[in-house]
Amino acid sequence: MNISHRWLQEFVELDPVAWPPSRIGQVLTDLGIEVEHIDDQAKALEGFLTGFVKERIQHPNADKLSVCTVDVGEGADRTIVCGAPNVAAGQVVAVAIDGAVVPNGGFVIARRKLRGVESQGMICSKAELNLGEDHDGIWVLPADTPIGLPLAEVIGRNDVIYDMAVTPNRADCLSHIGIARELKAAMREDPHTTSYKVGPIAAQPGADATVQAVDKELCPRYAIRTIRGVKVQESPQWMKDRLTAVGLRPRNVVVDVTNYVLMECGQPLHAFDAGKLKGGTIIVRRAMDGEDFVTLDSKSRTLRGDMLMICDAERPVAIAGVMGGENSEIDEATTDIVIESACFNPSSIRRTAKALGISSDASYRFERGVDIENIIGALDRATELICSLAGGTPGETIDVYPEPYVRPTFRVRNERMRSMNGIDVDDASIRSICTSIGCEIGDADASSFMVTVPSWRVDLHEEIDICEEVARLVGLDNIPAATHARVVMSGGGLRADLKPAPLTRRLRTTLADMGFSECYTLVQTSPELAQAGGGDVVMLKNALGRENSAMRTSMMTSLLASAALNHRHGAESIRLFEAGKVFFADGKEELRVREEERLALLWTGLAERHWSAKDRPADLYDVIGTVRTMLERCGIDNVVFRPAEASTIWSVNVLNVVVRGAVIGHIGQVSTALCAQLDLDRPVHAAEIGIRTLQQGTKSYTAIGQYPAMRRDVAFVVDDAVTAGDIAKVVRSSSSTLLREVDVFDVYRDVRQLGEGRKSIGIALTFRSDERTLVDGDVDDVVRSIISAAATTLGASVRGGTDQESA
């Protein structure tokens, strides 16, 4: 957003010595209104003067060049060689003298000979000065233009323009008055004096437009005024200069006034040709689904039923708060106009503008919120300017305001201001800051006071907001650093309530090391995907759209959407993870929400490639191995995987992840129906675990044994319902201290060899002694004991004997 220094000075007194542009830029940036660039227009035109062409003759050595004698007010005339076909004696022109830098091109003017004649400057065109697009000839100024003055001063280009980045919460700063209020707050002055002064409007009753109906939910206030007998013409030069300075293109006096008021006070306005309004009436209603409408940019838009429209008696004439329509625009034949000033629901405008792909100056402000109490003030200001610049007779104001705005009022505690900000600011200074931002003080005692927030500060709702304002205006640089802060450790480790954060970091680092890519997705989702996660869904009011109207109940839905996007871009092997929060409605209270921290990962496409093996698709065991390794690296052992029931998300080979008897998550193949809903047409294996249900263990380390290990492989034939984890549990519980490792190396099914409903699970047993080299006899009894226990507990038998090797 561009702000003019000269325009700003109409609303706040800025001493040029105490408040130069550089200080203004720094103060605003310190207040949170970042000034990205300061453009001193006069500097760009240094070395450019107005000159009078006293004589023009043909160049002796060039047919297309002229030699001009030019008076630039220096006493002695200058000889300038010019190639423009329209240069003539008696003209007032723009002249660049030695040392001037031409804005369009950046070259420096110096005396030099052109075809044997020395040229002592340059006569300029508008295009060369970046003041227009006319390249065909020099810029001829009005004949009464003073000679020898700086060009910037003569044409009003001696302004300073601030290019600002305003944060979305500060809608009140999207105007010159808004920025003036910020500067007055920095000076601790009363911001209520920062405004334009409008004289009484001599309204005349007549055949004015009327308002029949207003959707008060999406339009809490709507006002219009008819002005009859307007002459649509060019705006005066001073208005065109101001609009151009802030980046707006002048059109005609009516449209320019609406833009001028917009930049002055931040209230968007719209002007309709009253003669084009069918039935002479305004209806504010929602669009009909599928309705077509042609906007001012001559593009046809298909509307949705949730979009707010401004209509006459027969058809839409504007998209409320976004853009007007071709069927009611102002043109040279317009004589009667209707000026609209309104306040629209920000969420509604945001949804409409996004859905239609329109971003206008009006929608930009309505999306953030406008001052509902300034609706009539802005309308009166526009009426005054139009009547003074274009003539016309104003009609009565029609103001539809069913539920007047009630300004927020709440108590502010002085000590709260100090403790939250960590600054020693006295009570009087706190109140001074509050009044400088427009708040009214009431019901004060020794420790606190009531504040009533001004209507233009739509971002202030409660005490903590005032706390931020105090910190902002005291100055963040003036808040002392807390150099003596310390963390209290107990029991030699992290406190229990601090464990999830470092554990999450460790889990994320481990997965990244294993080749997974981390995702950051939105916590909002569609109601359908939220319901797929199970539990009571938290719905959002005034959401951006249906696809973002619910809070997610599972990490998998958003992670699957990311996988689908990567798949569409040609990724063969997709390994993703995300750590974040899911949300559930409590059910007891309407606004009570329960949050859970979870980590989800998925693997689809090819498994990890290796030169010694053929490519194969990732399967459930890849994910099981990933989860087991991830948890073990974080000091969480004794992980068991048990069969679980299918659900909307998990459909095939669903397992519960169990640690120390507690279910911490699920592993399985994601439902093909859910994948298809997200345009993912291949199997996805995934896992989702709850982070806060974990307790980080302590990793123990021992020296590498100096004696060789002995390995025995045993293939157990068991029922399909028996898991590898069940066998591993039996093995560990029935073994001696010589057993060091238990690993699953094979799962085999064959109906002809093993029978219906039976499978073979291969278990590798590794034995080692810290005292001597083992022999077969040392482990034979242990293996027999393991086989016996598996047979008794699980009904397992051994397939094909046992294999052995030493290492």
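Every residue, even glycine, has its Cβ placed from backbone N, Cα and C.
Over in TrEMBL, the protein carries these features:
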DOMAIN    42-152  domain 'TRNA-binding'
DOMAIN    405-481  domain 'B5'
BINDING   Asp459, Asp465, Glu468, Glu469  Mg(2+) binding site
DOMAIN    705-799  domain 'FDX-ACB'
Secondary-structure category, per DSSP, in which Asp459 (Mg(2+) binding site) falls = coil
Which listed residue (Asp459, Glu468) has most other Cβ within 10 Å, given these are binding-site residues = Asp459
Other residues with Cβ within 8 Å of the Cβ centroid of Asp459, Asp465, Glu468, Glu469 at the Mg(2+) site?
-> Arg457, Leu460, Ile464, Ile466, Cys467, Arg472
If you count the other Cβ atoms within 10 Å of each Cβ, which of the binding-site residues Asp465, Glu469 comes out on top?
-> Glu469
For Glu468 (Mg(2+) binding site), the three-state DSSP class is helix
If you run through the domain 'FDX-ACB' (705-799) with DSSP, how many residues end up as helix, strand and coil?
-> 33 helix, 33 strand, 29 coil
So what's the mean pLDDT when you look at the domain 'B5' (405-481)?
-> 91
Could you give the number of helix, strand and coil residues in the domain 'TRNA-binding' (42-152) as assigned by DSSP?
-> 5 helix, 40 strand, 66 coil
